[in-house]
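Peer 1: Submitted below is the structure of interest, expressed as structure tokens.
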Amino acid sequence: NVGLKAVFKDYKLTYYTPDYETKVTDILAAFRVTPQPGVPPEEAGAAVAXESSTGTWTTVWTDGLTSLDRYKGPCYHIEPVAGEENQFIAYVAYPLDLFEEGXVTNMFTSIVGNVFGFKALRALRLEDLRIPPAYVKTFQGPPHGIQVERDKLNKYGRPLLGCTIKPKLGLSAKNYGRAVYECLRGGLDFTKDDENVNSQPFMRWRDRFLFXXEALYKAQAETGEIKGHYLNXTAGTSEEMIKRAVFARELGVPIVMHDYLTGGFTSNTSLAHYCRDNGLLLHIHRAMHAVIDRQKNHGIHFRVLAKXLRMSGGDHIHSGTVVGKLEGEREITLGFVDLLRDDFIEKDRSRGIYFTQDWVSMPGVLPVRSGGIHVWHMPALTEIFGDDSVLQFGGGTLGHPWGNAPGRVANRVALEACVQARNEGRDLAREGNEIIRKAATWSPELSAACEVWKEIKFEFAAMDTL
């Protein structure tokens, strides 16, 4: 510890500046810092600031060749975390010139690249980032955004419905296409490739794209509604990914998909640019996010990954349900849902939002709800997330005792009933079950679904609390 203290003294002298006034062009970060025993919070916070901006572990003569005061990222405020021993929120301001324009990759490499393995810290978590308008404006953002998507699909005034095709792995391309067709003709808007469906021996990507598009056009002709299937173009190289997106565009389908964390921000931004230039919507899956965001005291909170996705580009992103089988604490989830959809979001610590964020008219992203949800969840989902969301039922469609199309009908009927009830001024939170029961009296498909899932609950406390 003596050695550590000797090294970190320098950091505190240079990088802890509580009188610093933040600039409108600064990128601001809130880190949850857990110092090692014996390391004061100011020193730990200053060490984080230094190591993620201009500092290194010792004084170097080349420091004299530049203006460190201009480029250093100071730690300007530290506060203890309520209810936690030896945890602090350290606020760091980064000058805009430290970052390449329009590169999420570079932003993350700087801010979280090195500092998380630091010896002086027991744990470190990036809780939030404030992206200044000057930096936001260097990004294209989502290829199209919420309003343009609704106009393309001609769907207004309700959440969109989706379904992941199951079993996720093992179907042949033709059987996969059959499942897509059954779901789409039953009344949903989208079907989805599972995130791990890329191009495996049992189903190569080109065959899947062809059969899924055939299913989509057949369902469109039958229902008179515009349909989509998220064709997952994620691949081993960026070039192969773009090749798949080009093929999707040639088929004339409306939307493709990407796994943005496993695929990487550079690939994702390339694909987002291609999608805007070629009129494709882009659905984003967050596979691998829990590796980064699940631990409360170490990693990166999902709200930061969500902001980065809005900058990199995507029209939909999976973002927790509040109900169902996957994590999500209500206020915190709604906080980052607003950060995805809205143009201006006020600081609100009760929802985990550490900074006011102004997106200066960057298009919004539709949050996607998926994971263990079924018809009984519909009133809660409609109430909590409103119209601008995609509700994705995988097992909640394909698990219907009568098959895919009736499962889809049940979900659409439940959704329309909830939207109508809400528009009539009814309280979905209180009357939800009754609304579903009433709709089930004239929809045998919904009635059967209500029987199957009436008792299912996923009762675990959320780990992500304030």
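Cβ atoms here come from the backbone N, Cα and C positions, even for glycine.
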Peer 1: With Asn114, Thr164, Lys168, Arg286, His318 listed by Swiss-Prot as binding substrate, identify the candidate in Ser53, Ser370, Ser389 belonging to that site.
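Peer 2: Among the candidates, Swiss-Prot records only Ser370 at this substrate site.
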Peer 1: When you measure from the Cβ of Asp194 (Mg(2+) binding site), how many other Cβ atoms are you left with inside 10 Å?
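Peer 2: I count 18 other Cβ atoms within 10 Å of it.
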Peer 1: Taking the mean position of the Cβ atoms of Lys192, Asp194, Glu195 as the Mg(2+) site, which residues outside that list, in the same chain, have a Cβ no more than 8 Å away, listed in sequence order?
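Peer 2: For the Mg(2+) site, the extra neighbours are Thr164, Ile165, Lys168, Asp193, Asn196, Val197, Tyr230, Asn232, Met257, His285.
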Peer 1: Mind checking which of Lys166, Lys168, Lys192, His285, His318 has the fewest other CB atoms within 10 A of its CB? They're the recorded positions.
Peer 2: Lys168
Peer 1: Would you mind sorting out which of Asp194, Glu195, His285 (the recorded positions) have a C-alpha within 10 A of the one on Lys168 (substrate binding site)?
Peer 2: Asp194, Glu195
Peer 1: Pull out the recorded positions from the set Asn114, Lys166, Glu195, His318 whose C-alpha sits within 10 Å of the C-alpha of His285 (active site, proton acceptor).
Peer 2: Glu195, His318
Peer 1: Quick check for you: of the binding-site residues Asn114, Asp194, Glu195, Arg286, His318, Ser370, which have their Cα within 10 Å of the Cα of Lys166 (active site, proton acceptor)?
Peer 2: Asp194
Peer 1: Between Asn114, Thr164, Ser370, which of the binding-site residues has the fewest other CB atoms within 10 angstroms in the structure shown?
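Peer 2: If we count Cβ atoms within 10 Å for the binding-site residues Asn114, Thr164, Ser370, the smallest count is at Asn114.
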